[in-house]
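Just below is one structure, and these are the notes that go with it.
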Amino acid sequence: MNAVDYLRISLIDRCNFRCQYCMPDTQDLQFLQPTAVLTATELLTLIRDVFIPLGFARFRLTGGEPLLRPDILDIVRGVIALPQVKDLAMTTNAFLLEPLAQDLFEAGLRRINISLDSLVPETFATIVGRDSQRHKRWNKVWAGIQKAYQVGFNPLKLNVVIIPGVNDHEVLDLAALTIDRQWHVRFIEFMPIGNADLFCDRGWIPSEELRTQIRDRWGLTDGQVQGNGPADVFQIPGAQGTLGFISQMSECFCDRCNRMRLSADGWLRPCLLNETGQLDLKTALRDGVSTDELRDRVRQLLELKPEINYKERQSGTVGANYSRTMSQIGG
């Protein structure tokens, strides 16, 4: 297993979308009260005094939708100001991104991932949820993507969750975005966290099937740059951008895992695919437990992580019953 140096941080469990695979509008979700969410000060304390001393140097801000946090710019500035931080990125649905992109860039953010599950506004509307404004959302998301590209975010990555019978017919169109643009499209296998009923009904498509479609159309070569995350990177010959495939269902990448996840209410989770070994850091911090003690607890969990990842992995892929949605975990 790789050295664990990457923390995904959910800033908020709320979102302005209700995507089918994450927090469907058919579910009656109970969102956290504002007082239950880590404050910016608490979060920066944990990053500075607990995680960085343990070797964490790369951080990603997620949600829910992180741009719903009114203090998002302060959080970005605070993390960037820590000298040990090597990388800060964000994952967003881009609905609120266009007016914020320049400010985020000036605050120090350089890398951004944007969820874009369809290029067809009607299909996109079906995926993001039923409300009176849903048909207008694709245009705002696309404007946010264009603005981020214009401002200079690099790399700019587009995350695509493929759902059988919903958007699987768009694989080639989405892959084609990388040909003339220095964009990076990442296909993510649909998994049961968030909507187990839809998962059981629709199933999922292995990454290799998507690669075969793309390979048959254009050819496919190994990407020139391979990250240290879970994505297998490829490239259409001559394309400016790359294609990534995150295959948590079909191709175990536990040996490459380098991350933990911190929920908006301060629960530290060592593995996405199961709920073993979670630590409640927020309650401990508010109860006056020292950051030295919290650091020791996280260190012990880091030592257990390989066993949790390998031995408990199947509990998250077959018959799993998750108590938290993807929006609560932080993706």
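Glycine residues also receive a Cβ, built from the backbone N, Cα and C atoms like all the rest.
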Of CYS22, CYS271, which does Swiss-Prot put in the [4Fe-4S] cluster 2 site with CYS254, CYS257?
CYS271
ARG8, THR91, LYS157, ARG259, MET260, ARG261 bind GTP according to Swiss-Prot; which of ARG58, ARG60, ARG295 goes with them?
ARG60
To the nearest Å, how far is the Cα of TYR21 (S-adenosyl-L-methionine binding site) from the Cα of CYS15 ([4Fe-4S] cluster 1 binding site)?
13
Which whole-number value in Å describes the distance between the Cα atoms of ARG8 (GTP binding site) and CYS271 ([4Fe-4S] cluster 2 binding site)?
11
Any idea which of the binding-site residues CYS15, CYS22, CYS254, MET260, CYS271 has the thinnest Cβ neighbourhood at 10 Å?
CYS254
For THR91 (GTP binding site), which of the listed binding-site residues (CYS15, CYS22, SER115, CYS257) have their CA atom within 10 A of its CA?
SER115
Looking at the binding-site residues listed here (CYS19, CYS257, ARG259), whose Cα lies nearest to that of SER115 (S-adenosyl-L-methionine binding site)?
CYS19
